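As recorded in Swiss-Prot:
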type     : residues : note
TOPO_DOM : 1-22     : topological domain 'Cytoplasmic'
TOPO_DOM : 40-82    : topological domain 'Periplasmic'
TOPO_DOM : 101-635  : topological domain 'Cytoplasmic'
TRANSMEM : 23-39    : transmembrane segment
TRANSMEM : 83-100   : transmembrane segment
Amino acid sequence: MKNRNNAVGPQIRAKKPKASKTVPILAGLSLGAGLQTATQYFAHSFQYQAGLGWNINHVYTPWSILQWAGKWYGQYPDDFMRAASMGMVVSTVGLLGTAVTQMVKANTGKANDYLHGSARWADKKDIQAAGLLPRPRTVVELVSGKHPPTSSGVYVGGWQDKDGKFHYLRHNGPEHVLTYAPTRSGKGVGLVVPTLLSWAHSAVITDLKGELWALTAGWRKKHARNKVVRFEPASAQGSACWNPLDEIRLGTEYEVGDVQNLATLIVDPDGKGLESHWQKTSQALLVGVILHALYKAKNEGTPATLPSVDGMLADPNRDVGELWMEMTTYGHVDGQNHPAVGSAARDMMDRPEEESGSVLSTAKSYLALYRDPVVARNVSKSDFRIKQLMHHDDPVSLFIVTQPNDKARLRPLVRVMVNMIVRLLADKMDFENGRPVAHYKHRLLMMLDEFPSLGKLEILQESLAFVAGYGIKCYLICQDINQLKSRETGYGHDESITSNCHVQNAYPPNRVETAEHLSKLTGTTTIVKEQITTSGRRTSALLGNVSRTFQEVQRPLLTPDECLRMPGPKKSADGSIEEAGDMVVYVAGYPAIYGKQPLYFKDPIFQARAAVPAPKVSDKLIQTATVEEGEGITI
């Protein structure tokens, strides 16, 4: 009969179990016992005479009977036959017992631990293999007295070993991280703050209310030697300035594409695509007007800004027809009219008055944000450039701060910035000896909290598959799977973000859909179910029969209900977290980790780092920028 396949999945590569040696050992012992019995019986028959040879308290070696038979069988054949008979009886009984053992073993069912699934919780070796814990010390390190290897990278959770000792789980690979954590669950104090208080490279941080700036900017500037930039568009003081139009590669063949992508982001603030006729036509209009503003400002020596573009379209002292005429006759390049600018103006002149008015009003509505004098001032010039995030002499930490009441209206501007960061910093790759060569000075961590609230950023979803090769590591945080997969505000059910995140971690969810997703990620395991059946008369003192059966059944290693009931953090009366809750961590290719949430304020090192006061003024990098003609961004 062909051997059955009891190893499935990854177990197919596991070492095959060695054949049991129980039966051969029992058979050998049975034969040995027979020889020993025959020897002792023969010696007893001759009163343990000295001529029988060496012994210990009248106990002889088992093979002595064979030696004696060679010498004296001819003289005492009957005595030898009686001794042999006794030995054969003992050996026969032993061999019969061995045969029964083999029969019982052959007829006993063997449990298949992998029948319905082989999921299990990770142990320390699994976590070390996944790269979340430092590897154990080698023999050379032990002998030489070298310090044990330390972990580094972003914090993805914590884990308690069998002795109750807490270990931080950190990931330093180029792969991305995706976190599911409901609001007020402790993700900030457990994952974001520890990461920003230890990551020494460049970083882009979306910071709601400015809490992360207050807790981490001081340490990052003073001890991590970062330039810290606070971009808060709606703040009247303390914010760095950044003009998106400064990133356009004006005067190159890429200028039209750059402006087209910028205009698309302006008229599509939610990331739903250009669905209506008015969006498409207003996007085409903005392309022409922005290019016209850029060239006119360049020729006149004044800066081009989005507020100035809005001013062109909404100038109360000038008829809009004069603008269209100016765009068709102005000498943009070497005294010649720019074809993209002239075409956009001609389209508006050829439209019926009602249609052109609707297109114009639609375009102006998308620029209304820049009529706020505070926002207009903060986007009127650039104190830093996008490329400096990874190419400056020092690492750069960019905090994008939005207050809750300004979050919705500032979303289009934040979307423009995130889009530009991805497109500019992942623009080229050099190779040497068939391997990519780093063309950047500093790695970049994109810590995007509540990133689905920015709307669908198609470039972010697409770029996750390749930006790791450019030194960009994304740490994406969302509330639950529904927020991520929402068709209206998220990336839809066919999103590829989860596919491109090597590490996923989760705090206790609030929605059953997220719990079901986490349960599937954890996997299915096989457990043995015991069933006891009794029979007999109800009035009898003893039951007639009791039978026990065992059956392998499947169950999720973590059911959705168990996931929803994972212990969360314990909070005080005012809502402050006092004790950490549980969490789960998933690393592709390894068993799931049932972990413990870290808390930065429980660690004296993190407490000391968070106590470093944040700078009162944002750093400005533009003085050190050397921007050549035509250098800009692909957006």
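The backbone N, Cα and C atoms fix where each Cβ goes, and this holds for glycine too.
On the 0 to 100 pLDDT scale, the topological domain 'Cytoplasmic' (1-22) averages 61 in this prediction. DSSP places the residues of the topological domain 'Periplasmic' (40-82) in helix, strand and coil in these numbers: 24 helix, 2 strand, 17 coil.
Counting same-chain residues at least six beyond the ends of the topological domain 'Periplasmic' (40-82), those with a Cβ under 8 angstroms from any Cβ of the stretch are 32.
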